[in-house]
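Participant: Here it is, the structure, as structure tokens.
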Amino acid sequence: MARYIFITGGVVSSLGKGLASAALGALLQARGYKVRLRKLDPYLNLDPGTMSPYQHGEVFVTDDGAETDLDLGHYERFTGRPATKADNITTGRIYQDILTKERRGDYLGATIQVVPHVTNAIKDFVLSGNDEYDFVLVEIGGTVGDIEGLPFFEAIRQLKNELPRDHAIYIHLTLLPYIPSAGELKTKPTQHSVKELRSIGIQPDILLCRTDREIPKEERRKLGLFCNVRESAVIEARDVDNIYAVPEAYHAAGLDDEVLAAFGIEPRVPPALASWHTINERVRNPEGDVTIAIVGKYTGMKDAYKSLIEALSHGGIANKVRVKLDWIESEVFENEDPAPFLEHVNGILVPGGFGQRGAEGKIRAAQFARERDVPYFGICFGMQMAVIEAARNLVGITEANSTEFGPTKEPLVGLMTEWLRGNELERRSQSGDLGGTMRLGAYPAMLKRGSRVSEVYGGATEISERHRHRYEVNTAYKDRLEQHGLKFSGLSPDGVLPEIVEYADHPWFIGVQFHPELKSRPFEPHPLFASFIQAAVVQSRLV
């Protein structure tokens, strides 16, 4: 039977519960255990799909088409286990399911209440589908004391009593701030956070304390005494130079040993951390640097591009170089020459996005890369802008545009109205809902034999990648674009939807309709990112 580890947070938000959960999952996995990670999000949205990137950050898409929290990206990258829609749930989804059952009459006239109906739904979600796993790590979003989180805390409180003895523990991630004027770490915020947790019936078994320095023995003793945990269970979560150093740092601090001890488990074997050590050696001791410009719309909120940042880092690890990112708001050069902003970089990446704001700047970035032979990687919206640039400046279709921006005589990019998902036809309309109505999840693509992208994928002629988009390049313009050098080297199996474009006579210019960053791992960098950074390395030696 699976054992459960519930991870909560206190004092402040954004302490890194998702990263801590992923790192602990990786440590348990490195000891030979089968691990599953799940996220409970207390907000009322059904999913983050329609939330602003400035508020929520990236929307991470799973193979089965779920739009989920970015923490699931950490889970995948650290454990290699693909997440599914069954690994993330929100208050909104729970309420929707309960109200649907109530309308059907499933509750036989009962009064629907937070306890027991909402808490039971949360417990059912947490316990479902875990038979094949040794450990299930469950992260509760938000911080202790948030009103919207109370049903989730109540549910995990009940679960510990309902599960067999020694089958559930609580880890509380907290902050130990250093006050320079006092010259010491302060434990009071953590004490009050644990007091709040205990007031709702949850006694943490382990304290994971975020800090920028070593925790003195006296402070450990104080935390153990006032928070009612063993001194050995006060774990130091020291700041590290890169996120892939976290598993080794947490192991050195004794987190995985303390977790096993809390369950009464004798460690099988020491964790196999050699691969993590290799990654960190490459990150800390690169053989060179490359600079990549990210020309985007949400550059003020780096979390909006979380998987992208990590995938570029993985490309650097594969090539033993440090990837420096130059964030450029695409509006900056909508009406001026992009050269002063881009002539120093070794590669240009235009990521996914929505809406007209900044689009012309992205088109100019694609033109600069094409004309100057700078490696260009266009992802989703970035591919569409590269196609519009080619249509305008190579084919001569000066009014080429996307219907996403309004009516146009030359719709190079248009709304997808139907596509196949397996054997089922899915349809969308301009007037439909925004939430959950995109082409979402993993779809196959057929690669042109002998194309550069086929070579990047090791000679493959069929791939599967994750999508999140409503608009698609119009194949009616395919022949004219190919006559001017822009090759459609990847199509959907039915040949209707363009998936990949490239210039054969360019050092490296590839646009993809999907999001390859979602499948990149530190141990297994996505081939497109590894190849893109390799091209940037070559470019850096030419400058």
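Any Cβ shown, glycine's included, is placed from N, Cα and C.
Swiss-Prot feature annotations, pasted as is:
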REGION    1-265  region 'Amidoligase domain'
BINDING   Ser13, Lys186, Thr187, Lys188, Pro189, Thr190, Gln191, Lys222  UTP binding site
BINDING   Ser13, Asp146, Ile147, Glu148, Lys186, Thr187, Lys188, Pro189, Thr190, Gln191, Lys222  CTP binding site
BINDING   Ser14, Leu15, Gly16, Lys17, Gly18, Leu19, Asp71, Arg238, Asp239, Val240  ATP binding site
BINDING   Tyr54, Gly353, Phe381, Gly382, Met383, Gln384, Glu404, Arg470  L-glutamine binding site
BINDING   Asp71, Glu139  Mg(2+) binding site
DOMAIN    291-542  domain 'Glutamine amidotransferase type-1'
ACT_SITE  Cys380  active site, nucleophile
ACT_SITE  His515  active site
ACT_SITE  Glu517  active site
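I'd like to know what surrounds each of these features in this structure.
Facilitator: For the recorded site, Ser13 (UTP binding site), the DSSP three-state label reads coil. Ser13 (UTP binding site) is surrounded by 11 other CB atoms, counting those within 10 A of its CB over all protein chains shown.
A helical conformation is recorded for Pro189 (UTP binding site) in the three-state DSSP classification. Around the Cβ of Pro189 (UTP binding site), a 10 Å sphere holds 15 further Cβ atoms from the protein chains shown.
DSSP gives Asp239 (ATP binding site) a coil state; it is part of no helix or strand. Around Asp239 (ATP binding site), taking its Cβ as the centre, 12 other Cβ atoms fall within 10 Å, counting all chains.
Sequence-distant neighbours of Gln384 (L-glutamine binding site) (same chain, 6+ residues apart, CB-CB distance under 8 A): Gly378, Ser402, Leu412, Val413, Tyr471, Val473, Gly511, Gln513.
The 10 Å shell around the Cβ of Asp71 (ATP binding site) contains 27 further Cβ atoms across the protein chains shown.
Within the same chain, residues at least 6 positions away in sequence whose Cβ sits under 8 Å from that of Cys380 (active site, nucleophile) are Pro351, Gly352, Gly353, Arg468, His469, Val512, Gln513, Phe514, His515.
Annotation note: His515 (active site) sits in a coil segment as assigned by DSSP.
With a cut-off of 8 Å between CB atoms and residues at least 6 apart in sequence, the same chain places Ser307, Leu308, Glu310, Ala311, Ile379, His526, Phe529 near Glu517 (active site), listed in sequence order.
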Participant: Measuring Cα to Cα, tell me the gap between Ile147 (CTP binding site) and Gly18 (ATP binding site) in whole angstrom.
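Facilitator: Cα-Cα, rounded: 20 Å.
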Participant: Spatially, and counting Cα to Cα, which of the binding-site residues is closest to Lys186 (UTP binding site)? Options: Ser14, Tyr54, Asp71, Gly382.
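Facilitator: Of all the candidates listed, Ser14 is nearest in space.
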Participant: Quick one: what's DSSP say for Cys380 (active site, nucleophile), helix, strand or coil?
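Facilitator: Assignment for Cys380 (active site, nucleophile) reads coil.
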Participant: To the nearest whole angstrom, what is the C-alpha distance linking Asp239 (ATP binding site) and Phe381 (L-glutamine binding site)?
Facilitator: 35
